[in-house]
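Here the structure is laid out as structure tokens; the discussion comes afterwards.
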Amino acid sequence: MKSILKVLLLSCVTSLAHAAGGGDVHLDHVDVDIRDKPSLQRGAAMFTNYCMGCHSLKYSRYERVADDIGIPHNLYEENLIFGDAKIGQLMDIAMAPSMAQGWFGAPPPDLTLVSRLRGPDWLYSYLRGFYKDESRPWGVNNVVFKDVGMPHVLVDLQGLCAEKPELGGKAGIDPLSGVVVGAPGCKSFATTGSMEPQEYDAAIRDMVNFLAYVGEPSRLESEEIAPYVLLFLVILFVPAYLLNREYWKDVH
Ligand code: HEC
């Protein structure tokens, strides 16, 4: 009995610790919608071009992803599969973890389940949380992942934030001065990128959306089936009700 109590107590503590996550780090919120296929397609393209050099999605298969997000196989193969991988294969990469460990200090983890581990808000904030820090090997640090081993691979798009971006702030208008205060994100850039901040945020939302889908691919199917299941239950209710009435008819 005592050990059961201990286990229960421990699991409460760990889930609390998990919920607390980044401690005092504030996150920006993002609304993901895994039914938004154009967004998933843009996210998949961006992920393939900017992330798959280092990160695999090795629990997913190209073919399944192509079908789910609505890209014909031949287009997917021509544009979003590099090297000699085939559409039926798992989305693995060639980089050996041991070499990556030497280059980055930590191997780039597989990202299939990262959205379930970290949550969309964390990912959205992380990918918008890089800033200039000359003391780090890649010259960048990250507000939600301190001393991160990953370079800011999207610097050409976002630009390089000169100081810690402010995340998690609610934008509002100061009633006295009329100035917008607490707007989230980067305040000043050391180098500018090719995208406007809003454009970059939208692109990152697409990518987080894609990672959210990859972490839970069957959810798309379940959501599609759900109305039919409910309809079936409603229809089943009628004979079940009539049968019940029939059985109990003679019992007084
Ligand atoms: C040049 C290689 C490289 C590229 C390209 C790259 N990453 Fe990374 N990434 C890393 C490394 C290395 C780490 C591990 C960092 C650490 O643990 O300090 C990492 C960590 C991460 C993490 C944190 C995972 C976790 O839970 O600890 C996420 C999320 C992530 N990368 C997303 C991306 C996305 C999205 C892209 C594409 C825009 C990308 N990465 C491109 C090298 C890379």
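Cβ coordinates come from backbone N, Cα and C, glycine included.
As recorded in TrEMBL, the features of this protein are as follows:
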type: BINDING; residues: Cys51, Cys54, His55; note: heme c binding site
type: DOMAIN; residues: 38-218; note: domain 'Cytochrome c'
type: SIGNAL; residues: 1-19; note: signal peptide
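Shown here: features listed in TrEMBL, placed on the structure.
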residue	record	CB count, 10 Å
Cys51	heme c binding site	20
Cys54	heme c binding site	18
His55	heme c binding site	22
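Shown in sequence order, Phe47, Tyr50, Met52, Gly53, Ser56, Ile93, Pro108, Leu111, Val153 are the same-chain residues outside Cys51, Cys54, His55 whose Cβ sits within 8 Å of the Cβ centre of the heme c site.
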